[in-house]
């Protein structure tokens, strides 16, 4: 793995470490809140409302916030947004310490956290290219993937341990401490003033949309991502797989879910030669095809387990089946991450600096709606047919769509990372 950005840029090193600390805290509280809301209400619908109520404000702030990021000093925008987000874990911790069980109070703080977090994400994306040389952006994308994987794996695991051992109040208090560490890397950033002619109005947002309409390579990269996570995201059926096919109950579902993050981390660790790859469009296309093949393999494995005579129970699991599904899920996560590394590199290197915040704001729409679309597709198709069918169908559609994109977009196939064209 190429660690050059961490060695060459002390500001990026601090930024990266603080991002991991703060992100683990966010994931920690997200999982703990879900457990606590269910404990208070006994309703899965109440748990679903945590994300549902936050979706609208998160999208609105993400889109408009991208314009804000392009118009003002990004360090100041990030400090301000992080300060607002910091109020959420503090407020939730105070609620827990005072044994408050009013759901709307928890919903209010989680919505605040999600909305402010969308602006934080847009600012962080736009700051990265200003801290390192352009040649190091593939390495930065890989390091960002490692950070995301550590957050996705470490936060939920830590939440389960802390909630069970010390309770909700101390769990949220630890998030406050992690968030404080996150501030360290932000405050120590140099000023990052906007380039070009910054504006903060609806005209600036329209300019961002117009840029994306002209940027065929960026639209293709985002389009392939939409196809992949809409048709190939398997996580929504894991509870049913754990209950009906491999047994073991909640812990097998946790292992299956964590396997995707493990694949992300592993593929990032072995990404050291990615900086030598110049044809980023081809790399995205081939990685997406591998992703589709692994989704299909997961469907076939699920089919085989469906047809097997192995007994399942809440206490015992089919170990061989579990290892097989975890391995395939890790490969899915790894292939998705490789495509993501080159997609992020393309978005950061081919986008002029004055548009980076707005592009990430628009991309927030995709990132917010995508997992929900994917969960809806696989959940409904599995309910209508069987557990293995949506994965096989999704794999075929992913392979067809990716092949069509690569055939119909010759500019994307020819994209050269040394001469980025949006």
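From the backbone N, Cα and C atoms, a Cβ is placed for every residue, glycine too.
Note that TrEMBL annotation is computational and uncurated.
Copied over from TrEMBL, here are the features:
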type	residues	note
TRANSMEM	12-38	transmembrane segment
TRANSMEM	44-65	transmembrane segment
TRANSMEM	77-97	transmembrane segment
TRANSMEM	103-127	transmembrane segment
TRANSMEM	139-163	transmembrane segment
TRANSMEM	169-189	transmembrane segment
TRANSMEM	222-245	transmembrane segment
TRANSMEM	251-270	transmembrane segment
TRANSMEM	282-301	transmembrane segment
TRANSMEM	321-342	transmembrane segment
TRANSMEM	362-382	transmembrane segment
TRANSMEM	388-406	transmembrane segment
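Sequence-remote contacts of a segment are chain residues at least 6 beyond its ends whose Cβ falls under 8 Å from one of its Cβ atoms, and for the transmembrane segment (222-245) they are 252-253, 256-257, 260, 284-285, 288, 291-292, 295, 298, 302, 305-306, 312, 314, 318, 321, 325, 329, 332, 336, 339-340, 343, 363, 366, 370-371, 373-375, 377-379, 382, 387, 390-391, 393-395, 397-398, 401-402, 405. If you look at the transmembrane segment (321-342), the same-chain residues 6 or more away from its ends with a CB under 8 A from one of its CBs are 138, 141-142, 145, 149, 224-225, 228-229, 232, 234, 241, 245-246, 248, 252, 255-256, 259-264, 266-268, 271, 274, 277, 280, 283-284, 287-288, 290-291, 294-295, 297-298, 301-302, 305, 308, 310. Within its own chain, the transmembrane segment (388-406) has Cβ neighbours under 8 Å at 220, 223-224, 227-228, 231-232, 234, 237, 281-282, 285, 288-289, 291-293, 295-296, 298-300, 302-303, 306, 377-378, 381-382, 412-413, counting only residues six or more beyond its boundaries. Within the same chain, the transmembrane segment (139-163) packs against the transmembrane segment (169-189): three or more Cβ pairs sit under 8 Å, each pair at least 6 residues apart. Through the fold, the transmembrane segment (362-382) approaches residues 55, 58-59, 62-63, 66, 118, 121-122, 208-209, 212, 222, 225-226, 229-237, 240, 347, 389-391, 393-394 of its own chain, all at least 6 residues removed from its boundaries and within a Cβ separation under 8 Å. When the stretches 12-38, 44-65, 77-97, 103-127 are ranked by Cβ pairs under 8 Å to the transmembrane segment (169-189), first place goes to 12-38. Sequence-remote contacts of a segment are chain residues at least 6 beyond its ends whose Cβ falls under 8 Å from one of its Cβ atoms, and for the transmembrane segment (44-65) they are 33-34, 37-38, 77, 81, 103, 106-107, 110-111, 113-119, 121-123, 205, 357, 360-362, 364-365, 368-369, 372.
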